[in-house]
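Participant: Dumping what Swiss-Prot says about this protein:
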- 1-16: signal peptide (SIGNAL)
- 36-45: compositional bias 'Low complexity' (COMPBIAS)
- 36-58: region 'Disordered' (REGION)
- 46-58: compositional bias 'Polar residues' (COMPBIAS)
- 60: N-linked glycosylation site (CARBOHYD)
- 91: N-linked glycosylation site (CARBOHYD)
- 106: N-linked glycosylation site (CARBOHYD)
- 116: N-linked glycosylation site (CARBOHYD)
- 157: N-linked glycosylation site (CARBOHYD)
- 513: N-linked glycosylation site (CARBOHYD)
């Protein structure tokens, strides 16, 4: 497997791995040049608004040249947003692929070495005899590729219903919704006496009281698993318990075969298998839904690239945030989603299903830019605000995301004020910035950015919102579902297998001899489990701290600090301080006297800004 990824030959093999001053490259690039002969010039050393540029003519000509050479091409990896094409677009894609390969090389080699060591150790200990033996996968292993280790509690508490339910409010919060008391119907029924015993009330009362929540993966029923692998298409009902004030699971419906509905009152192995089947669906969702966290900022940046000078302060920040961004789709197509590639080797549903899914979400109206703003998204699903039910007592994702976005927003507000003048609060400065307005028009026009702020952009608060959201997606939202999260949280086995290896049961009580060992038939064997962890470990980026590429470093690029003046430098200093405070709190998390952290029996740190890259890493 190692040789397959390292031996891939990309067109970008000889492209210089330095930041591309695209405007200058466009001005000098020969129309007949290849991807290996891109002219690379230094980044701008002074950022300025177009009306303040003493050489507006040359500036406008350079933008026109970029528009000739950087074009919107067909979507790849599913039918979502445009992917760059044209001579300059192809060169930038090739450059980013090379940057990605350089960044990933050490992580890849380390994960492969540690995989071999882990497999040898598991084999020497006799392999997996019970579900508890999956701890052999992790104990003492992956210390270099995953230096933070997997989440505390994720193995010791993997049978906990509270752990299972609270994953919806942390590791994968993007699929959960509260069922509105009047606008939403009950998705399926649960036996009344079971509901009464679990909740001390009725399903209808939970619904009416705004205490019922749904995760719906029934759409996965349309996909056919690979030979020898199996998948349900689970729906899960969760409820906010009025007695304990905890968020708990109520029922899981498989939607395939006999279409069984499981509850916590079933045999403990049947119920644990139901949670495993659900998490298998959930892992597919998180890994492929997150593709939209690539394509949305990509198309926003593409529109900016064709309309803003590289000397524009906003372009400088966007270029920084979109470091190596255009590598992910070609790399994914070459080694992850290719037939027989890493996806097919590890997941139950085939790569063709994985590629189809984000396009299906997009075709059904997903992928809206403003709809993805944190507060707006969570309110639309009834998870914050009290319009449709009682407040969630613990919402770790929202708690951490709110703080990180607050730090990003403070930076962006200071950046926008220093760029356009803070003293008089003159939002007319935005209207006079014709490049900025061209970007907004381009995004709403040829780029077809869904749900982008309308042109013209009149208020600087709107610009702050846009820039904050791009930085949040590239350095926050993406990493909740990808990057290091799967190997540390959402992909930890035995609770989160990428594939199931036995048929979905048609009757209850089919899970063996009453011990957890009976569940091994559905789970990956020793080699398959090591391969899953190895793949997910390769998604992690353990070296970003040493390379000064963390979220804390997002705005500290030397050219940005040198070219934007003291206001920018002061904003960056505060951002570093704010994110340092957040990081220290996260790093110090542990369990309270009840064995809980943020109301969960596992420690969640997926948004740590001192650990995560500031960019779309994988």
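Start at 1 and count along the chain as shown; that gives each residue its number.
Using N, Cα and C of the backbone, Cβ positions are placed for all residues, glycine too.
Help me see these features in their spatial surroundings.
Facilitator: Other C-beta atoms found within 10 angstroms of the C-beta of residue 60 (N-linked glycosylation site) number 15, with every protein chain shown included.
A helical conformation is recorded for residue 91 (N-linked glycosylation site) in the three-state DSSP classification.
When Cβ atoms from all protein chains are considered, those within 10 Å of residue 106 (N-linked glycosylation site) total 14, not counting its own.
DSSP assigns residue 116 (N-linked glycosylation site) to a helix in the three-state reduction. Long-range Cβ neighbours of residue 116 (N-linked glycosylation site) (same chain, at least 6 residues apart, Cβ-Cβ under 8 Å): none.
Secondary structure at residue 157 (N-linked glycosylation site), as computed by DSSP, is coil. In this view, residue 157 (N-linked glycosylation site) is surrounded by 19 other Cβ atoms within 10 Å of its Cβ, with every protein chain counted.
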Participant: Out of the glycosylation sites 60, 106, 157, give me the one sitting nearest to residue 91 (N-linked glycosylation site) by CA distance.
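Facilitator: Answer for the nearest of the glycosylation sites: 60.
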Participant: Could you state the whole-number distance in Å separating the C-alpha atoms of residue 157 (N-linked glycosylation site) and residue 106 (N-linked glycosylation site)?
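Facilitator: Cα-Cα distance, residue 157 (N-linked glycosylation site) to residue 106 (N-linked glycosylation site): 32 Å.
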Participant: Fill in the CA-CA distance, residue 106 (N-linked glycosylation site) to residue 60 (N-linked glycosylation site), as an integer in Å.
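Facilitator: Cα of residue 106 (N-linked glycosylation site) to Cα of residue 60 (N-linked glycosylation site) measures 41 Å after rounding.
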Participant: On the DSSP side of things, how many residues of the compositional bias 'Polar residues' (46-58) fall into helix, strand and coil, could you say?
Facilitator: 6 helix, 0 strand, 7 coil
Participant: With every protein chain in view, what's the tally of Cβ atoms within 10 Å of the Cβ of residue 91 (N-linked glycosylation site), excluding that atom itself?
Facilitator: 29
